[in-house]
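S.K.: My questions will all concern the structure given below.
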Amino acid sequence: MTRPFNFSAGPANLPEEVLQQAAAEMLDWHGSGMSVMEMSHRGKEFISIYENAEADFRELMAIPPNFKILFMQGGGLAENAIVPLNLSRGASADFVVTGSWSDKSQKEARKYCDVQIAATNAGSDHTQLPPPASWNLRRDASYVHVCTNETIHGVEFQELPDIKTLGSDAPLVIDFSSHVASRPVDWSRVGLAFGGAQKNLGPAGVTLVVVREDLMGHALPACPSAFDYKTVADNHSMYNTPPTYAIYIAGLTFQWLKRQKEGDVTGIAAMEKRNLAKAQLLYDAIDRSQLYFNRVGSECRSRMNVPFLLRDESRNEAFLAGAKAHSLLQLKGHKSVGGMRASIYNAMPLAGIEALIGYMREFEQKHA
């Protein structure tokens with residue numbers, strides 16, 4: 001069976017090797033006689049799955065020992081509440097609003113603390129990023145929140161801001177849901193990172209949280225115990241029953257990522273190199289076209305989520321129908337921005353980009 005290329009923004013395509021391994025182990029994991037779905041989360045079989053997944057993610061992302069890795073639930077939307085419940089101490093937080101997801105974050109945080117919009121790119125209709133030097137950060141803020149890749153608008157911070165040089169003593173919180181494990185992270189600049197797994201790491205159901213140890217233990221009294229980072233960490237992410245199968249698939253994905261190689265580099269360095277090449281190929285094709293265009297500034301274009309528009313919007317439905325006929329799936333853009341969107345996460349092979357570009361050229365020639 002030849003599988004189509006799936007450009008969904010999330011849940012998204014998974015590495016075929018991971019799906020094949022999961023299928024082979026579905027009824028009997030490593031001779032246990034059980035599917036992972038059937039295991040007790042406190043049994044030795046699942047404990048080994050969990051411990052390996054945690055260790056592999058730490059190694060893969062080069063996470064320092066003073067950070068805890070938590071496997072939580074609720075996705076990025078829940079973290080928009082869980083972060084202020086744990087870090088705000090009921091005081092204040094600064095937000096850099098660069099698109100739909102960071103805007104949702106600041107609105108949710110207002111329920112728990114005083115929120116200041118330190119910077120926004122709304123004036124550019126979320127097609128540029130506000131320069132860090134222009135951010136109005138408060139020295140006494142509990143944390144600074146940045147969504148480092150906006151899935152809908154297709155803008156990405158190519159480098160993490162160093163907010164200490166901007167006069168802030170607050171920890172930086174990053175929502176890296178849609179580009180986690182696509183590039184290295186400078187953990188010296190981060191206090192907490194969170195991301196749903198369903199774009200780059202696995203199926204929906206598990207949320208990865210990486211939190212510096214000194215930031216735990218300060219949850220508001222109203223914070224549910226299951227969302228208290230220290231409680232979750234002290235119980236090895238098993239204070240409540242974790243999403244066991246989602247953790248298992250994420251663990252298989254971590255192993256797949258560790259095996260990836262591009263030239264003389266492996267793991268995340270290889271993925272960064274591969275992702276840069278894939279994105280550049282697609283953006284170049286869009287920029288050379290007379291039919292398609294991308295509105296995002298070249299210096300902040302996302303490597304993961306590539307929105308593009310047709311100059312003749314009346315051809316949108318024909319484009320999507322033709323794409324489906326060419327086994328190119330889920331290219332429709334988000335309803336808030338329209339047009340098309342190709343999400344080209346880690347599992348999207350170069351062949352998928354080439355197939356999409358080939359179809360785009362064919363469609364343009366036909367409708368010139």
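The backbone N, Cα and C atoms fix where each Cβ goes, and this holds for glycine too.
So Swiss-Prot lists the following for this protein:
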BINDING   R42  L-glutamate binding site
BINDING   W101, T151, D175, Q198, N240, T241  pyridoxal 5'-phosphate binding site
MOD_RES   K199  N6-(pyridoxal phosphate)lysine
S.K.: Rank the binding-site residues N240, T241 by how many other Cβ atoms lie within 10 Å of each Cβ and give me the one with the fewest.
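M.R.: Comparing Cβ neighbour counts within 10 Å for the binding-site residues N240, T241 gives T241.
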S.K.: Any same-chain residues 6+ apart from Q198 (pyridoxal 5'-phosphate binding site) with CB under 8 Å of its CB? Would you list them in sequence order, or say none?
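M.R.: Within the chain, Q198 (pyridoxal 5'-phosphate binding site) has Cβ neighbours under 8 Å at G10, P11, A12, G75, A204, G205.
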S.K.: Specify the nearest of the recorded positions W101, K199, N240 to the residue listed as 'L-glutamate binding site', where nearness means the distance between Cα atoms.
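M.R.: For the residue listed as 'L-glutamate binding site', the closest Cα among W101, K199, N240 is found at N240.
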S.K.: Could you check the recorded positions R42, W101, T151, D175, K199 and say which one's CB has the most other CB atoms within 10 Å?
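M.R.: Within the set of recorded positions, the most crowded position is K199.
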S.K.: Do me a favour and check the Cα-Cα span between D175 (pyridoxal 5'-phosphate binding site) and the residue listed as 'N6-(pyridoxal phosphate)lysine'; whole Å is fine.
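M.R.: Between the Cα atoms of D175 (pyridoxal 5'-phosphate binding site) and the residue listed as 'N6-(pyridoxal phosphate)lysine', the distance comes to 13 Å.
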S.K.: Expressed to the nearest Å, what is the distance separating T241 (pyridoxal 5'-phosphate binding site) and the residue listed as 'N6-(pyridoxal phosphate)lysine' at their Cα atoms?
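M.R.: The Cα atom of T241 (pyridoxal 5'-phosphate binding site) is 23 Å away from the Cα atom of the residue listed as 'N6-(pyridoxal phosphate)lysine'.
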S.K.: Would you measure the largest Cα separation among W101, T151, D175, Q198, N240, T241 for the pyridoxal 5'-phosphate site and round it to whole Å?
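M.R.: Comparing all Cα pairs, the maximum is 30 Å.
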